Structures are given as C-alpha cells and as structure tokens.
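These notes are about the structure you will find just below.
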C-alpha cells in the first residue's frame with residue numbers, strides 16, 4: 001500500500017495542441033517538455049489532459065453538444081485517443097509509468113453529468129506506481145446516448161472520489177487574469193462576485209465551458225471537499241515541475257482566502 | 001431501449017494475427033473480411049478478440065505470468081491496444097459502429113480472476129447500436145499488481161453478466177477435433193470425460209490456456225447460466241456471418257447433449 005498524497009494535474013488542450021489551425025495538430029515539443037517535468041513527481045499522480053484540436057473541432061462539426069450522432073461520437077473519441085497515445089508514449093519515454101485511461105471505457109454520464117465512474121483500476125494503478133492518464137472524451141450517457149465530457153469536469157470528480165490533496169490546472173494562461181492582465185492570486189467564495197466579470201469563456205473552439213467552467217467546478221469542489229486548486233501557465237517551462245514539487249503558483253481557488 | 005438478444009463473438013488471436021512470426025504481425029485481409037461478415041449482424045453484439053502476436057510474445061518476453069513487471073505490463077497493453085485500433089477501424093469502415101473497450105480501463109482482477117467489471121457503458125452502447133470491442137489485455141490485479149487476462153476469460157464473464165443468448169468462439173480450427181481430425185459436434189458434462197484427451201493446449205505461444213482453457217470456461221458457463229457456445233473456424237469465409245445469422249456450426253458446448 002502506498003500512502004503518498006494524491007495530486008491531480010490537468011494539462012489543457014491548448015497547451016499540448018494547436019487549437020487555432022487544423023484538426024489533430026499536436027505540440028510535440030511541449031508534450032515532451034511536460035513529460036520531462038512530470039518525471040520528477042514524488043506524489044501519486046493522476047493526469048487529465050484536454051482534447052484541444054483532437055476533439056473540439058470534431059465535436060463541433062458533428063454537432064455533438066446538440067444531438068446524438070453515433071458516427072461523430074466515434075470519430076471524436078478515436079481522435080482524442082490518438083492524442084492520449086502521443087501523451088502516454090512521451091511520458092513513458094521520459095520514464096513515467098503512464099497508462100492511458102479512456103473515460104469512454106470507465107465513465108457513464110446522465111444528461112452530461114458524471115453518473116458513475118469505475119475507480120478500482122485507478123486505485124490499483126496508484127498503489128503500484130503507475131500514472132493513469134485520462135482526457136476529455138465522448139462518453140456514454142444514459143439519457144442522451146453519448147455526451148462530450150470535458151477534462152475540467154473529470155478533475156473535480158476524481159479529486160473528490162480519490163481524496164486528492166492538490167489539483168493543478170496547467171492552462172495556456174498565467175492563471176485567472178484581471179483587466180490589466182495581472183494574475184488574480186486568490187479566488188474564493190468571498191471575492192468571487194468581484195472577480196467574476198474578469199473570467200471569460202474560451203476565445204477559440206471550445207465546446208466545454210472555458211475558464212469560467214473551470215473556476216465554477218473548482219470553487220464548488222473547494223466548498224464540498226476543502227481541496228485547493230491552482231490554475232497556472234503550463235506553457236512556461238518549469239511551472240509543472242514547480243507545482244509538482246509543492247510550489248503554489250498562478251491563481252489559487254479555495255474555500256477561504258489564500259493569505260499566502 | 002433495445003430488446004434484441006445479445007450475442008458475444010470471440011475472434012481468436014490466431015485468426016487475426018500471425019502468431020508464428022514476429023511480434024505485431026496483423027492479418028489485415030482477414031480482419032477486413034471478418035468486419036464485412038460482422039456488418040450483417042442483427043442482434044446486439046459484443047466482440048472480444050485475442051491478442052495473438054500483439055500480446056503473447058510480449059507477455060512471455062517480460063515473464064508477466066510469473067512476476068509483476070510495470071514496464072512489461074505497459075508494453076503488452078499498448079501492443080494489444082494497437083491491434084484493437086486496427087480491428088475497430090476495419091469494423092467502422094465496414095459500417096459497424098465499433099468502439100474499442102480496453103479491459104485495462106474497466107476490469108480489475110484478483111489473483112488472475114475477474115474481481116470487478118464496469119458494465120454500465122457497455123449496456124448503454126448496446127442500447128444505442130454501438131458494438132463494444134474488447135480484447136485480451138493486461139489488467140490491474142488487487143493481489144499481483146497486474147495480470148494477463150485472456151479474452152477467453154472475459155467472454156463467459158460478460159455473457160453471464162449481460163445475459164447473452166449465444167456465444168461464438170471463432171478460432172483457427174473447425175472446432176474441437178477428435179484424433180481423426182473430425183469435429184466433435186457436442187461437448188457436455190456427460191461426454192466431457194470421453195473427449196477430454198482430444199483437447200490440447202495451444203501449440204504456439206499462448207500464455208492463457210489454449211483450447212482446453214476455452215472449453216472448461218464454456219462448460220462451466222453452460223452449467224451455471226444455460227448458455228450454449230459454438231467453437232468454429234473463423235478463418236473460413238462465411239462462418240462468422242453464418243453464426244451471426246443463427247446457424248449452429250463447429251462444436252456446441254452445452255449443459256445437455258446437442259441433439260441437433
């Protein structure tokens with residue numbers, strides 16, 4: 001049995017893919033750099049990555065958020081699995097014992113919300129030194145047939161279910177920014193109303209809610225489970241390694257104000 | 001809700017890969033022919049394929065049946081996932097709404113035996129016209145770390161859990177053969193002792209029990225759930241299509257003698 005604390009690291013689709021150009025355009029240099037940074041992690045680690053250009057354009061093309069489309073569901077799922085293969089291959093090359101875990105294979109939703117998730121395999125992976133690597137995906141939905149499930153929704157669910165200690169959201173920005181472009185250091189129930197107007201949806205193709213969706217999910221999690229999350233820039237070298245070594249960077253989202 | 005009966009079709013690793021030569025040698029022509037035969041299926045269908053040269057040589061090389069080897073577990077799992085991608089791609093090209101379901105992501109074993117399997121996603125797939133495609137895999141094991149889980153073990157578990165009506169085991173032989181090379185038409189608890197000596201293990205690299213393993217699992221299933229299984233030659237064109245249309249071919253394994 002392994003008693004090290006559990007950390008969940010989200011890597012945004014914008015960090016590891018190019019969302020501005022074609023479908024299926026991976027940023028291999030960033031994927032390899034990030035894999036190297038992750039290789040130094042000491043805690044039990046779960047990685048969740050976004051789909052970026054390996055999922056959002058496909059989901060949009062087939063109108064997956066509006067209707068059930070079996071072919072579109074398969075095309076989108078196969079595409080994001082391909083990105084997951086690249087990420088896990090890079091992690092394995094860096095010495096991380098990464099195993100792809102596809103939400104399509106272990107999560108069921110109801111009306112777009114996680115209804116059930118199989119966790120036993122993930123717990124045994126963590127106990128044996130493996131790093132499960134999940135991702136935004138198309139999953140089966142008891143009401144809708146299939147639905148698009150964002151990595152941002154998987155992270156808080158997993159964190160609560162596994163009793164994680166820290167969450168890192170590696171995005172393409174320095175955190176949540178105010179209107180002068182400065183990072184807001186802390187978001188909590190007391191100041192959320194003041195900072196809410198700074199938080200926009202994603203500027204590019206994103207079917208799953210963008211920054212506001214992330215912040216709302218993480219605020220809810222901090223209130224129910226007391227877990228603090230950090231949104232930081234994973235595009236800057238060293239930030240993921242720093243976070244994994246215990247550094248608190250970017251915007252902290254917590255139950256009470258972060259006095260740090 | 002879809003009330004059509006459920007059929008489980010196993011496709012042997014020897015049928016879709018070349019087990020006599022290198023690691024990772026797929027028989028693409030057979031995979032495409034079989035995909036075309038499956039496209040005509042009318043029942044709700046679950047496919048389970050073997051790993052063949054995409055899993056057995058790797059498992060043997062790392063000694064996975066004797067010891068826990070994280071790297072070997074990953075290499076073997078990644079290899080059989082690659083075969084699963086080829087099979088699901090061919091099925092999708094033939095018009096089957098195939099979705100890869102990796103046992104590593106939804107099954108946990110204890111001492112090599114299935115302890116827990118997430119099934120909700122498979123049920124929703126079947127209700128919505130998808131065809132889940134599972135395979136022999138390396139999975140997490142509560143006692144051993146990981147273990148090799150044969151497709152032949154997944155089939156009876158799934159059949160009982162889903163309430164399947166028919167099982168087809170598409171192998172590289174005409175069924176279970178007697179010492180003159182004739183197909184034994186029926187195996188049941190009454191004649192098992194007489195025919196047992198005809199049933200050998202696999203001649204080539206097979207870490208998971210060969211023909212005897214298959215027959216024992218299916219006999220047990222017929223006794224507990226009353227499901228009849230047919231072992232037939234999937235290498236012969238038309239046999240899979242025939243089985244899926246209700247034809248009883250090869251060797252029937254059942255609770256009572258098949259008078260057919």
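Quick reminder: no glycine exception, Cβ is built from N, Cα and C everywhere.
From the candidate list A:52, A:175, A:250, the residue TrEMBL records in the ATP site shared with A:10, A:11, A:12, A:13, A:14, A:210, A:214 is A:52.
Binding of substrate is attributed by TrEMBL to A:51, A:56, and within the candidate set A:129, A:145, A:151, A:163 the record adds A:151 to that site. Residue pair residue A:19 (site 'Transition state stabilizer') / residue A:52 (ATP binding site) shows a Cα separation of 6 Å.
For residue A:52 (ATP binding site) paired with residue A:151 (substrate binding site), the C-alpha to C-alpha distance reads 11 Å. Across all of the domain 'Aspartate/glutamate/uridylate kinase' (A:6-233), the predicted model scores a mean pLDDT of 92. The separation of residue A:14 (ATP binding site) from residue A:56 (substrate binding site), Cα to Cα, is 11 Å.
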